[in-house]
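Engineer: This is the structure I want to talk about, given as structure tokens.
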Amino acid sequence: MFEDVHPWMIPLTFFYVIIIPIGVFSNIIMIICFFINPRLRSPFHILLTLTCLADGIHVCGQIVFVVQLLTNTYSYQSTCYFLNFFPVIGLTIAAPLLMEIGLDRLLAVSFPIKYRGFQFQKVLYTSIHLVFPILYTTSILYLGFMERNNELVKCAIPTALAGVSFKVFTLSSHVIYMSIILAYLMTAVLLKFHDTSSRFKAVFKSIGVTVGIVLFGWAITTVSNTFGYFVTDDFEIFNLIQMYSGITVNIAISSNLFIFYTINPEYQLTVKMLLDGSFGKLPTFTDSASELQNLRKNTKSQES
């Protein structure tokens, strides 16, 4: 079965056979929590749920790779682009969504009164946050579409984007992740100087841990992909570097449920009630923005 396969591809297969169902299950439960708990319907939770959707689709992109490896088949790179079209969307849109979540948290702490007003224009406010992720993802998809080729490849997410498109994605990821770090650091600093509700702190801690794990994974991935261009001219070796560097990312995007269940009481309660079938008893909707009034004791400057 593996006679014509590079030996270092085989451990990857077993890793993805394990991580795919975990990642799909984890992110599906996070999405279900959004729909069954009315308290998880704020713009922040919408962005978070979209991120989980992107992560779940992303991890599904490894299915094609595993099938081709087990059956010892290949596909044209142009075909691979379409086979992994939706997983590539999940790959490229997740980081911009995390950046927008960071900006949302920063706005909530910096301008609590104005932020509460934004919650009453939920559709408009969320749509504004989605502009950059959509434009960024569309640009990468366009570049990938324009440079499709007929090279035979083992179809994985990195091989779905060829040449310039993957290089642009890799290098631009550095800028996006630096922006994420800056947004979350600024939010953390501001939280030290302002009073916040325990609920807000739990939410921020949950997303902070998630971002930390994802950033660690993406740091390894983007650095590996960047230096891969300089350490080898062998296309097969370069693909190996790309796919192995994606291990940490796939672990990160598969851990959303476990992080939020461990740290965030609301998600913990929702998951428990989902499992025992009592989610109909969940509390009625209370706009989370009302709790942001406690972010500052003195808010008179916000009124002016």
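Heads up, residue numbers simply count up from 1 along the chain you see.
Glycine is treated like the rest: Cβ placed from N, Cα and C.
Okay, so TrEMBL annotates it like this:
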type: DOMAIN; residues: 26-260; note: domain 'G-protein coupled receptors family 1 profile'
type: TRANSMEM; residues: 12-35; note: transmembrane segment
type: TRANSMEM; residues: 47-70; note: transmembrane segment
type: TRANSMEM; residues: 82-103; note: transmembrane segment
type: TRANSMEM; residues: 123-145; note: transmembrane segment
type: TRANSMEM; residues: 174-191; note: transmembrane segment
type: TRANSMEM; residues: 203-221; note: transmembrane segment
type: TRANSMEM; residues: 241-263; note: transmembrane segment
Engineer: For the transmembrane segment (12-35), which stretch among 47-70, 82-103, 123-145, 174-191, 241-263 has the most Cβ pairs under 8 A?
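Structural biologist: Checked against 47-70, 82-103, 123-145, 174-191, 241-263; highest Cβ contact count belongs to 47-70.
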Engineer: Residue list, the transmembrane segment (82-103) vs rest of chain: Cβ under 8 Å, 6 or more residues beyond ends.
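Structural biologist: Distant contacts of the transmembrane segment (82-103): 44, 47-48, 50-51, 53-62, 64, 75, 129-130, 132-134, 136-137, 140-141, 144, 155-157, 160-161, 169, 173, 176-177, 179-180, 183-184, 187, 207, 211, 214, 218, 253.
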Engineer: Out of 123-145, 174-191, 241-263, what stretch is closest in contact terms to the transmembrane segment (47-70), meaning most Cβ pairs under 8 angstroms?
Structural biologist: 241-263
